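What TrEMBL says about this protein:
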COMPBIAS  659-671  compositional bias 'Polar residues'
DOMAIN    44-623  domain 'Major facilitator superfamily (MFS) profile'
DOMAIN    435-488  domain 'Kazal-like'
REGION    649-671  region 'Disordered'
TRANSMEM  43-63  transmembrane segment
TRANSMEM  83-104  transmembrane segment
TRANSMEM  111-132  transmembrane segment
TRANSMEM  163-188  transmembrane segment
TRANSMEM  200-220  transmembrane segment
TRANSMEM  251-274  transmembrane segment
TRANSMEM  324-345  transmembrane segment
TRANSMEM  357-383  transmembrane segment
TRANSMEM  395-413  transmembrane segment
TRANSMEM  509-532  transmembrane segment
TRANSMEM  553-579  transmembrane segment
TRANSMEM  599-623  transmembrane segment
Amino acid sequence: MEVDANNDNNGKPVKDSESELDVRCGYGKCKPKWLQKLNNPQMLLSLLCIFAFVQAFVVSGLINVNTSTLERRFHLPSSRVGAISSAYDLTAAIIGVFAGFYGSRRNKARWLSFSAMAFGTGSLIMALPHFITDRYQSGDSIVKTCRYSQFPEACEEDGLPHYLYILILGQCLHGLGGAIMYNIGIVLIDDSVPATSSPLYLGILIGFALLGKGVGFILGGRFLDIYVDFERVHPDSVSITIDDPRWVGAWWLGFLISSCLFFLIALPLLAFGTELPAAGIVRKTRLNQEYKGDRTLHEVSESNDVSIRKLPAVLCRLLRNPTYVCITIGETSEMFLMSGFSTFLSKFVQLQFNLSAGFAAVLTGAITIPGSASGTFVGGLICRCMSLKVKGMTRFCFIGCLLQGICFSAIFLRCDQAKMAGINHPYSNRTNDGLSLTDQCNSGCSCRTEFYEPVCDSNGLRYFSSCYAGCSTTSIHGKMFSNCSCVAVQPGQNISMVSTVACQSNCNLVYVFLAILCVAVFFICTAAVPAESALLRCIHDEDRTFGMAARSLIVRMAGSVPGPILFGAVTDLACTLWNEKCGEKTSCWLYDNYAFAWYYFFLILGFKIGSSVFFLLAHLLYVPPRSDVLNGSGEEEMYKIGINQNSSATDNDDLDGNSIMSHQNSIQTRL
C-alpha cells in the first residue's frame, strides 16, 4: 500500500491520504523542499535526545545535587526540600492525562515545542530567589569565643523559608513540560518507526536522559564549588572554604544555563508536521500485540472521537488489561524508590563518607553516566536482537529487579562517623550518662547553634564550635582557639587548644560503594527499556497516548510525588542536631549515619519486593492476541489490524524496517 504524499493537482499542501494530516516540515506556509530532508525519525530523535538530556540535567541532576545546599541556604528541613522534587511529578501527573488524551489527535510537535518553553520558563523562575534575596550570611563575622557570647541572642526572621514556594512554582512549570514531553514524545517516535526498531529508539532517548542526569550531577557539583554570591562579592572577602559545613555553592547557575537551552530547543521542534511521513505505513504494518486484541478496524475507528465522554471508556479498557495494570504498579514501586533515593543520593554519599557537597555530587554523577548509558543501550539491544515481545520483556524486568535488590545491599558501606562532643561522645574528662551540647564546662557561654563551625582537639574529638569547646581566646587569624574549658590539656602542653582544621578521615570505602551502585544503575536502566516497550505493546494503538498518560498519572501520584517527601522525612528522623532559629527547627546539622543507612535499607527492600512481584504478575497474567498463537502447521498467524493474511512481506512486524524507511525516503523526495 503506497501513501500518497505528493502535492495534489491544485498544489495544495501534501497530506497523508488516510489521516488527512499535513506531514510537511516548516513554519506556517514556509515549508521549503530542502527542509523535508530533515523530516524523519532520526532528526526527531536527535532533537528529543537533546531535549531529554537538558530536562534530566535540570530535574534529575541539578535539583538532586542542590538538596543539601538549598537546605542550608533557605533554612529548610529535608522533608520540605523533598516537596520541591515532588512538585514536578504532581504537576506532570495532573496535566499528563489531559495532554495525553487531547495530544494524541493534535499536532504532537507543537505540544513538544510548548513543553520546551514551559521548561525554559520554569528554570528561569528556579534561579529567581538568588537575585531577590540578600547575600548569604555564613556567620564568619560573629565572634565565637565564650567570653563574647554573654549577650542574649537576638531573634530576627529573615523570611528565607518562604522562598520555597518560588522554587516549587518553577518545578510546577517543569512538570507541565515533562508531562507533555514524555507522554507525547515517546508515542510520536514509536508511531514513526518499525516495532522492532522502537525499543532501540526508546533506549537511545532514555539513555540521553540518564546521561543528562549524570552530567547534571557532575556540572552541578562543579557549580557548588563556586561561592553562591561570586558575582556580588570579591573572592578575597570569602573566609570559608568548600570543606566548611557552612559553605553554599552557586546552586542557581545551572538553572540559568538550562533555561537558555530549552528556549533554543523549542524552535526546531515547532517545525515538524502533525506526524512524520512514514507514520501511516507503520501503523498499517504493525503486528498487534494488544492484550487479547481482537478488535476490528471499525471498532478502532470509533475511538477517534476526542470528546471527553470517550475518556471513561478508554480508561475501562486499560483497567481490564491486567498486564498494563501490573506493569504500571511495578513501575510505580520502582519510581517511588528511585525518585526518593536519587533526590537524596548525593547527600547520602556526602554524609556517609564525610565528603563536601560538590565532590559527592561529582562522584555520584561519574557513576551514573556509565551505568545508565550502558544499561539503556544493552536493554534496547537485547529487545531488538532477541525480538522480545511482551512476555519476554516482562520476564526481563522481573530478573532485573532481583539483581538490583542484591546490589543495593551496598548501602551499609560507610565510613566511621566522627566523634562529636555532646552528640555521640561525652566531653573530655566527662562521664555523663546523658549527652547534650550544653555541658557544665560551657553552660555559661550562651552558645548559638545557628552556625555550625566545627573545631577539633589533638585527639580527633570534634566540637560543634569553639564556643561549645569553652574557648576564651583565639589566634589572630581565627584558626586556633585556646584556654578551652571543655578540652583536656594534653601531655607536653600548657593550655588546652582546638583548631578549625577538620578532623582527618582516611576512609576510601566511597569508591567501593559507588562501584556497586554503578552496577545497580546498570540493571535499573537495562530493565527500563523493556518495561516501556511492553507497556506500549500491550495496549491498542489508539489508546497508547492516553494509556501512557494514565500510567504517568498513577506512577507520579503514587510513586514520584510521595517518594522524595517520605525519603526526606526519613532523613529528618536520622537527625541528631537541628539548627534552630527563633525556637523553630530549620535545617539539620548532624545525622546518625548508622540509623540513616538502616532507614534507607528498609525502604529500598520493601519497594524492590513490590516491583519484583508485580513484574512477575505482569508476565504470568499476559494473554497474547491471536497474532502470537501458533496455528496447526507451526506457522505464526499474522493477525493485523486492517490487513488480511495475504498481505505482502513488508507487513511483517519482525522485518528490519528497511522497506518502511525506504517508503519514507521516497515521500521525502517528493515533498
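A Cβ is built for glycine as well, from the same backbone N, Cα and C atoms used for every other residue.
Within the same chain, residues 186, 199, 202-203, 206-207, 210, 327, 330-331, 334, 338, 349, 352-353, 355, 363-364, 366-368, 370-376, 378-380, 382-383, 388, 392-394, 396-397, 400-401, 403-404, 407-408, 410, 413-415, 615 sit at least 6 positions outside the transmembrane segment (509-532) and bring their C-beta atoms closer than 8 Å to a C-beta of that stretch. The transmembrane segment (43-63) and the transmembrane segment (599-623) are not in contact, since fewer than 3 Cβ pairs between them lie under 8 Å (pairs 6 or more apart in sequence). Only residues 6 or more beyond the boundaries of the transmembrane segment (163-188), in the same chain, are considered here, and those with a CB under 8 A from a CB of the stretch are 44, 48, 51-52, 55, 58-59, 63, 70, 74, 76, 80, 83-85, 87-96, 99-100, 103-104, 108-109, 111-112, 114-119, 121-126, 128-129, 133, 202, 205, 255, 262, 275-276, 532, 536, 544-545, 548-549, 552. The transmembrane segment (395-413) shares the most Cβ pairs under 8 Å with 599-623, out of the stretches 111-132, 251-274, 324-345, 553-579, 599-623.
Averaged across the domain 'Kazal-like' (435-488), pLDDT in this predicted model comes to 79. The transmembrane segment (200-220) is not in contact with the transmembrane segment (599-623), judged by fewer than 3 CB-CB distances under 8 Å for residue pairs 6 or more apart in sequence. Helix, strand and coil content of the domain 'Kazal-like' (435-488), in residues and according to DSSP, is 0 helix, 13 strand, 41 coil. Within its own chain, the transmembrane segment (111-132) has Cβ neighbours under 8 Å at 48, 51, 54-55, 58, 74, 99, 103, 163, 166-167, 169-174, 176-181, 184-185, 188, 228, 251-253, 255-256, 258-263, 265-267, 269-270, counting only residues six or more beyond its boundaries.
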